[in-house]
Amino acid sequence: MSTNKSSIEKITLGSFLIALGVVYGDIGTSPLYVMKSIINGNGGLESITPDFILGVLSLIFWTMTLLTTIKYVLITLKADNKGEGGIFSLYTLIRRRAKWLIIPAMVGGSALLADGMLTPAVTVTSSIEGLKILPSFNDIFGNNQDIIIIIVLVILSFLFFIQHFGTEIIGKIFGPVMFIWFAFLAILGIVNLSGNLYLLKALSPHYAIKILFSPNNHLGFFILGGVFLSTTGAEALYSDLGHVGRKNIYLTWPLVKICLLLNYFGQAAWILSQKNNAKLYGIESLNPFFQMMPSWLLLFGVLISTLAAIIASQALISGSYTLVSEAIKLNLFPRLQCLYPSNSKGQIYMPAINRILWIACIAIVLYFRSSDNMEAAYGLSITVTMLMTSILLFNYLLKRKTPLPIALIILVFFSSLEFSFLISSAVKFEKGGFVSVLIALCILSIMYIWIKGHYIKMSLLDYIPIENYKNQLKELKNDVDRPKYATNLVYLTSSEKSKRIERKIMYSILDKRPKRADVYWFVNVIVTDEPYTSEYTVNTFGTDYMVKVQLKLGFRVNQKLNVFLRQIVCELINNGDIKVQNKKYTTLHNRNVGDFRFILINECLSSESKLESWNSIIIRSKLFIKKFTVSPAKWFGLESSEIEVENVPLILGSTRM
């Protein structure tokens, strides 16, 4: 683990390009739609004044400075969990401070996943709509939005299709492409800004405050909803910390910010130069980003912006896989199949999530049809995530012994700022924002059902001391009249106590059909707060035939149980804790480990269960969701092992622990 961390912290040309390709896709494509959204929302080009433009630029500059630079880059990036970032990594650092902290973690994670469904749709659509300005495109298709939609659907479908094969090869071009993209943004901005340097006055916060109360601002306070789009990628920047390291973000962010600001200022200069151009007044959804390009550069501009949009979408898709994977390991989300299409660290693929994201993105494009309509829905959910991150960050600062007044100032300042953006974005609800809210609520409901169902079951399950059955297990082990069921018989237990297991496990061994084995294993898997922990403790109860294993794995470690267990068995044999398990017939010389059989207990709710109506609904809902999840055999990597599934009635409410 230390090697991985040190390698990503190195500052090289390669790490510089990787950071550009991985971290800044979302925030880097914001110039495609931020100014467009604000200008069209204020009544179009004809309603623009110099004071309005200065105010907008000032709002964008200070939003990026306060939220992205100060909150995320300078403060939040320091809240890393062994080099890993993101809202769930932050939660694992502080979850022992208070149980209620799971609420902002779940709410923030749900909203971030909802944002991941909107981002690919809005960025790709915004870039492809640039084709409408091309004379050759207009001559053939005119102002036909259906053609734009078809192209967007093809690109998105292709992007989701290739996830199955991994993106390691094409991922190598992400960095160079984003380098060209940011250079393009800067050059385009400088060319249009030259001669309009008075716009640099917008760096003063005076203009940001003034525009909120100016009669030239037809949106009033709600202009912040459009301005916020310039910083939506800040949360993704924190989530990708583990891929590139803090030092690489410190190095690249100032350069990225300068490129973005130069482009925003260039767009502003073009807007002021064209505000009296009546020919542009009738253009629907005027986009300054494409309009300020010379005609000979338009095709390249559309191509490079589309590539940047695809890279931004890829980053959000990969981020969604990672986010769901972490939620699963923290028992906040149902277990779904995880595949590893490449050898790169952190490269995972989740087929179910990929299908859901693809269907959601396609549905969003078909429902909203244009980037204008999508922008109306975009940004609302991410403000919620930022607010939740601020709450978790406050608790992290207190844990790190930050003086309470300083921690409170940070919490109040950034929460007030983010709450202002949330209120200003709330106007988007009826214009399409309800879509992201509904998506977030669906995800949150699944999380709530899953974790609440777990707590209900854990509080009512019947646990028993293993030592009470030591003699019976010894007699069963030595009962030669019974055929040997397995050399090593393995059960998974949820009990974290070293001397207790669920009664249903002992019932399976002794009552259902007595199972004779040389060694009985009771394995409890605990997910730790650190990302890459891999350690275990054992309790043999003074025997060589009963072992309770507590396997501690980091929240980013694959839970391949057979691999870990075989290693543990070998170590216990070498230490003399259990006997050598010689096999009479084997193709391997000197093999001293016998066969394994895993018993997986499948629970179904019994009609005898006595639960309150709400708890009963939760448990039944969880069991229903469980039908669509990956089997324990696949989750724990036991597909090639000998397993047996036993159905056991889940009787809850009659016995308390």
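Cβ from N, Cα, C; glycine included.
Here is what Swiss-Prot records for this protein:
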type: TRANSMEM; residues: 15-35; note: transmembrane segment
type: TRANSMEM; residues: 48-68; note: transmembrane segment
type: TRANSMEM; residues: 100-120; note: transmembrane segment
type: TRANSMEM; residues: 147-167; note: transmembrane segment
type: TRANSMEM; residues: 173-193; note: transmembrane segment
type: TRANSMEM; residues: 219-239; note: transmembrane segment
type: TRANSMEM; residues: 251-271; note: transmembrane segment
type: TRANSMEM; residues: 292-312; note: transmembrane segment
type: TRANSMEM; residues: 348-368; note: transmembrane segment
type: TRANSMEM; residues: 378-398; note: transmembrane segment
type: TRANSMEM; residues: 403-423; note: transmembrane segment
type: TRANSMEM; residues: 431-451; note: transmembrane segment
Contact call for the transmembrane segment (15-35) against the transmembrane segment (348-368), three or more Cβ pairs under 8 Å
no
Out of 251-271, 292-312, 348-368, 431-451, which stretch touches the transmembrane segment (48-68) the most, going by CB pairs under 8 Å?
251-271
Cβ contacts under 8 Å made by the transmembrane segment (100-120) with residues that lie 6+ beyond its boundaries
26, 87-88, 90-91, 94, 156, 159, 232, 235, 239, 309, 312-313, 316-317, 319-320, 323-324, 327, 332, 357, 360-361, 364, 374, 377-378, 381-382, 384-385, 387-389, 391-392, 395, 435-437, 439-441, 443-444, 447-448, 451
Residues of the parent chain within Cβ reach of the transmembrane segment (251-271), under 8 Å, 6 or more residues beyond its termini:
11, 16, 19-20, 23-24, 27-28, 30-31, 34-35, 39, 45, 48, 53, 56-57, 60-61, 64, 68-69, 73, 182-183, 185-186, 188-193, 195-196, 199-200, 202, 230, 237, 288-289, 291-292
Using a threshold of three or more Cβ pairs below 8 Å, and leaving out pairs closer than 6 in sequence, do the transmembrane segment (403-423) and the transmembrane segment (219-239) count as in contact?
yes
Where, among 147-167, 173-193, 292-312, do we find the most CB pairs under 8 A to the transmembrane segment (348-368)?
147-167
Spell out yes or no: are there three or more C-beta pairs under 8 angstroms between the transmembrane segment (292-312) and the transmembrane segment (378-398), with each pair 6 or more apart in sequence?
no
